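Novice: One structure, pasted below without further comment.
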């Protein structure tokens, strides 16, 4: 039976250290549930944005970019982890360096672009709310938006060679390269989180101090302005609801990203955290790929209307788009 360090270095489930079949089956089922739910929700958001003209906004372009990245995790990486978790620990599939690099590359590419898309959405909304319309229109021309999306994928390809080091992050026998990989990962996520919080907290301050009727999580950008003629809720209640929605989004994001950050920092400066804690932190981060579509669409009436129209008893996308 492999010990904790050897199992950590060859585990299909990243940092799973127990050799019990019950634990592997449980995590495989968890990955399967996340894979199915995440794939369906991400595909649904992409389909709705491409099918309904009212949803084709700059902010939603960044959301679709994040959904495409999340599909790399939910549709390509998680199913493999669910299957490999049911294989014996000494299976030859788990020891193939090329296959491990492929899986690590899929995970790293998807998570990096997804986190970058979070930041792009936050900055887009920050400029929309806090800057003049002329500044927003000049910054978010179609060409500039495409360059931002392309840059997020280009930057995500740079650290792919570092990904194999993450597989030995929790091993007592991991070398210095994996420790520095973990440190770079932690610092990158911390920097991204700081920028994202700056944008959203700036939005909250602006919304709470402004008399404008702004719904932070339900943007109708540029060609959709002015806002729908439906009677809005009272200004104070709407500002409070907008602030709560933004803070809730930030809390979910912090819950998914920060455990891995601090586990990585702990392993670099002090000693590795317990393997179970490392595995839990990775699962929280990966689960964001399944939750992201809901985070950005649950408050949008346009998304809800479009989703209802594609249900079996709905009107159909063509009539709703018209």
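Each residue, glycine too, has its Cβ placed from N, Cα and C.
According to TrEMBL:
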DOMAIN    41-296  domain 'G-protein coupled receptors family 1 profile'
TRANSMEM  25-50  transmembrane segment
TRANSMEM  62-80  transmembrane segment
TRANSMEM  100-123  transmembrane segment
TRANSMEM  144-162  transmembrane segment
TRANSMEM  182-203  transmembrane segment
TRANSMEM  244-270  transmembrane segment
TRANSMEM  276-298  transmembrane segment
Novice: With pairs closer than 6 in sequence left out, are the transmembrane segment (25-50) and the transmembrane segment (100-123) joined by 3 or more CB pairs under 8 Å?
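Specialist: When sequence-distant Cβ pairs are counted, the transmembrane segment (25-50) does not touch the transmembrane segment (100-123), since fewer than 3 lie under 8 Å.
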Novice: Please indicate, using numbers and ranges, the residues of the same chain that are 6 or more beyond the transmembrane segment (62-80) and have a C-beta under 8 Å from a C-beta there.
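Specialist: The answer is 12, 31-32, 34-35, 38-39, 42-43, 45-46, 49-50, 103, 106-107, 109-114, 117-118, 120-121, 124, 145, 148-149, 152, 156, 286, 289-290, 292-293, 296-297.
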Novice: Does the transmembrane segment (276-298) reach the transmembrane segment (182-203), going by 3 or more CB pairs under 8 Å (6 or more apart in sequence)?
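Specialist: Stretch pair does not touch.
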Novice: On average, what pLDDT score does this prediction assign to the domain 'G-protein coupled receptors family 1 profile' (41-296)?
Specialist: 77
